[in-house]
Amino acid sequence: MAAPEAWRARSCWFCEVAAATTMEATSREAAPAKSSASGPNAPPALFELCGRAVSAHMGVLESGVWALPGPILQSILPLLNIYYLERIEETALKKGLSTQAIWRRLWDELMKTRPSSLESVTCWRAKFMEAFFSHVLRGTIDVSSDRRLCDQRFSPLLHSSRHVRQLTICNMLQGATELVAEPNRRVLETLASSLHTLKFRHLLFSDVAAQQSLRQLLHQLIHHGAVSQVSLYSWPVPESALFILILTMSAGFWQPGPGGPPCRLCGEASRGRAPSRDEGSLLLGSRRPRRDAAERCAAALMASRRKSEAKQMPRAAPATRVTRRSTQESLTAGGTDLKRELHPPATSHEAPGTKRSPSAPAATSSASSSTSSYKRAPASSAPQPKPLKRFKRAAGKKGARTRQGPGAESEDLYDFVFIVAGEKEDGEEMEIGEVACGALDGSDPSCLGLPALEASQRFRSISTLELFTVPLSTEAALTLCHLLSSWVSLESLTLSYNGLGSNIFRLLDSLRALSGQAGCRLRALHLSDLFSPLPILELTRAIVRALPLLRVLSIRVDHPSQRDNPGVPGNAGPPSHIIGDEEIPENCLEQLEMGFPRGAQPAPLLCSVLKASGSLQQLSLDSATFASPQDFGLVLQTLKEYNLALKRLSFHDMNLADCQSEVLFLLQNLTLQEITFSFCRLFEKRPAQFLPEMVAAMKGNSTLKGLRLPGNRLGNAGLLALADVFSEDSSSSLCQLDISSNCIKPDGLLEFAKRLERWGRGAFGHLRLFQNWLDQDAVTAREAIRRLRATCHVVSDSWDSSQAFADYVSTM
């Protein structure tokens, strides 16, 4: 009887508190109470009024509310604001109560957006609080507009920050300045421990102050925090200074900006102990580099970039772009001769004794040893029909820009992250591609490194880097490649539509250098682009040779290689060490996905990759075309002989109408567990003869678990033929079937369901029916799906079959 007595005591306490708080409420709160009490639903309105009164005084009553019995607490939960609702979560769970429905309703009412159908929301509280944090940070939500969001006792940013797992920074770096402000120190400290993914979308040009704030933010979140992934999306015209800032900070480099406050965490960490050398010490290079050559080549690269920008945007306002430190100021230590070459005395604004800023990490010898071969390839980031222009040193250029004023940034990432090259005699002309990659007629190899990072520090770096639709200039590509060569903590790299062009060769060299580093963790590479200077299979071979420890490789090229047109001027081909004919060594690939451009692919090249990938478990070929069915058969035979661990095989957008014997060969493979033929025109020829052969092969295969046949014009006849796979005399263990986009009508689906019922095989897993002609007879379709759900899990949609008119006409 103790429990009921406690419940009654708590209930009486709640009523007493509610009555007292109601009497103490203001007239504004009391007026609605009278009107509510007089209505036909007086008891619920009164209880709700009491609950609102308790919610309004939670600062005093919180501990008592937490101790309320479960039924009463369950009625109060929807009346709490988001701050107390979040705080009471643990107590509610102990009482067997869930707040997920409340958070979902808050999402629908306040966020007014529908989550993606591909997103599986496991915790609506975390999702709401994360979105709420972003809206408050950007100023896109007014917390005073709704009582559920407004409470003077709580800071919206601080209270929601611990739920933020990913943060998106957009446009003009909105939110970066607010987060690093002193009043939000606790917010930033909380983010440093909770945030895992940092995303940048649609970035625009930013000023120096915004970049300085971003520098501090990245330092706190990456170097002293838990951020492990940085992703950049949709940046059509990347600002070089900002892009290189994000890259270098992600790689673990830190150098405070001019006039910026010192890092408190760095001071605490370094107090009482000597600095240690971590895995990044390989980047620091020699303590006495040849600065003259480095500075000379860096100055030439930067001068060329300024000249190119001036031509492209002659009317751009100076205030809208981040000014660069003057070349003369950044190269003070290079000597007076170099000063005179780069700037006339009239343009010098450097104070005596200015210290030269440190420079970027030195490339490893394996990366720099082959850079001389780049003279054969253009350095542009996209296909160039014209040869690159040549330029002279900037001596005597009156338009050279310098940094002026006390607010100018004297320490810039440009000062210590750039590729350097060997030495050239004064007065000689240099191509920008040769300067950028250091191909200077085989000069001293020691000149191919970078100046040491004497004043910069190395901290923890991210493990996942993603660049989506971010065009990379030569300068940006060189910076990325140089950082990659020693980025041993990197585990996954995604480069999607970045316009690499011939810079892909530098990327391969940097990946080869990274693979040679002790402790290299790179295991996943995703590469896609419109064009490639190498055919996709040669590029795949080069990547596999450069990264033998890679586990996941996804590569896609939309258009044929330039090498397919040898008549293009300047198309001299890749360096010989990139496309060597030597046999590919054994690698660790487990997953290989390839998207091919139009044109027949040489089967022997693909077979050579497959033979070296004995651990391959998943293979996906998209839009692959072979010269003949025999070539396709050669690939399948290679899979059977050399890839014994292969479990999943996928073909998409391939014409396999003439490869029916090869398809049967696959279906008889007793090692494959899942096969996908997506839009492969399987039943375009001889369907009456091929379908029985296909069903017979599947009935004898006891290892195949999943078969996906979307977009193959199966039709009702083909579906009914497939039903025989589940007959009583079948040894098939198929449990997943995808027959989407196959011109299936309701009557055929109903007959398919009846046959499954008749054979009584029981539930066989999942059946996918997207985009079929089920709307032609809605009643029959519902009956068919009802019957099917007794034997399997059905996933369908309401699709307008009139969209398939063209497909229907093509089958007439």
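Cβ coordinates are placed from backbone N, Cα and C, and glycine is handled just like the others.
Quantities reported herein were computed from a predicted structural model and do not represent experimental measurements.
For the annotation phosphoserine, the record in Swiss-Prot points to Ser276 among the listed residues Ser276, Ser561.
Looking up Thr327, Thr332, Thr354, Thr402 in Swiss-Prot for phosphothreonine, the annotated residue turns out to be Thr327. Looking at 45-54, 245-254, 535-544, the stretch flagged in Swiss-Prot as region 'Interaction with Elongin BC complex' turns out to be 45-54. For Ser155 (phosphoserine), the count of additional Cβ atoms within 10 Å of its Cβ stands at 16 [all protein chains shown].
Over the region 'Interaction with Elongin BC complex' (45-54) the predicted model carries a mean pLDDT of 73. For the repeat 'LRR 3' (531-555), residue counts in helix, strand and coil come to 11 helix, 4 strand, 10 coil, using DSSP. In the three-state DSSP assignment, the secondary structure recorded for Ser155 (phosphoserine) is coil.
The residues of the repeat 'LRR 4' (613-635), classed with DSSP into helix (H, G, I), strand (E, B) and coil, number 7 helix, 6 strand, 10 coil.
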